[in-house]
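Chemist: To start, I am sharing the structure in question, which I have written as structure tokens.
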Amino acid sequence: MSSIKIECVLPENCQCGESPVWEEASSSLLFVDIPAKKVCRWDALSKQVQRMTVDAPVGSVALRQSGGYVATIGTKFCALNWEDQSVVVLAAVEKDKKNNRFNDGKVDPAGRYFAANRRSVYKLEKEEHIPDGMCIDTEGKLWVACYNGGRVIRLDPETGKRLQTVKLPVDKTTSCCFGGKDYSEMYVTCARAGLDPEALSRQPEAGGIFKITGLGVKGIPPYAYAG
């Protein structure tokens, strides 16, 4: 295995970066900043980032087979047209719960867009802190970003055994995905909200987008919403 390298490729200062998705067609990384109500697209070739502001906290973004993207905005599933920055509501849920919102979402192999709200309950392992966003590699192993743990861990989903730990220079790691031309790079989002000045001085790259290379494994391309 080659040596692991971790670098902050985009100092975005996200309050809560989430939902990284690699778009192979444009060699770009999509991600959201939930409380800032932004969907972002970082071009890995030009190193430029574009941002689209929406009208509510945005929990996740995903590719769409017919073009453009889909996102969970507030408690709505929406279609995004990046060219004209327009948003079309596809479906809305729990309209009566004003303070609720989708927290994360992903497309399954059948092209269905699943999203979870903030009422989900997780069982936590003390030493790993809070399990957050995750992805899978070509060997069927699970990679999990640990919020407040400053790491991503590789797990065997059949045995639950931890196979690898990669520590990052930020505490609030939120999610991860594979990308790059051969899906051998891992991209990790994180947050800076809630960090006091002392904590921020120790981790000035908090809220940035990190790239990890040299893991020795590759990921699978993300699925696209079929609707």
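Cβ atoms are placed via backbone N, Cα and C, with glycine included.
Residues or ranges marked as active site, proton donor/acceptor in TrEMBL: D132. According to TrEMBL, the feature divalent metal cation binding site maps to E18, D132. Taken from TrEMBL, the feature substrate binding site covers R101, N103. Annotation source TrEMBL lists domain 'SMP-30/Gluconolactonase/LRE-like region' at 16-115, 116-191.
Provide an account of the burial state, proximal residues and distances for the features listed.
Modeler: Here the Cβ of D132 (active site, proton donor/acceptor) has 24 other Cβ atoms within 10 Å, regardless of which shown protein chain they belong to.
Cβ contacts within 10 Å of E18 (divalent metal cation binding site), excluding its own Cβ and spanning all protein chains shown: 24.
The 10 Å shell around the Cβ of R101 (substrate binding site) contains 20 further Cβ atoms across the protein chains shown.
Per-residue pLDDT, averaged over the domain 'SMP-30/Gluconolactonase/LRE-like region' (16-115), rounds to 92.
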Chemist: How big is the Cα-to-Cα gap, in Å, between N103 (substrate binding site) and D132 (active site, proton donor/acceptor)?
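Modeler: Pair distance, Cα basis, whole Å: 10 Å.
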Chemist: How big is the gap, in Å, between the Cα of D132 (active site, proton donor/acceptor) and that of R101 (substrate binding site), rounded to a whole number?
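Modeler: Cα-Cα distance, D132 (active site, proton donor/acceptor) to R101 (substrate binding site): 16 Å.
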Chemist: Rounded to the nearest angstrom, how far is the Cα of E18 (divalent metal cation binding site) from the Cα of R101 (substrate binding site)?
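Modeler: Distance between the two Cα atoms comes out at 14 Å.
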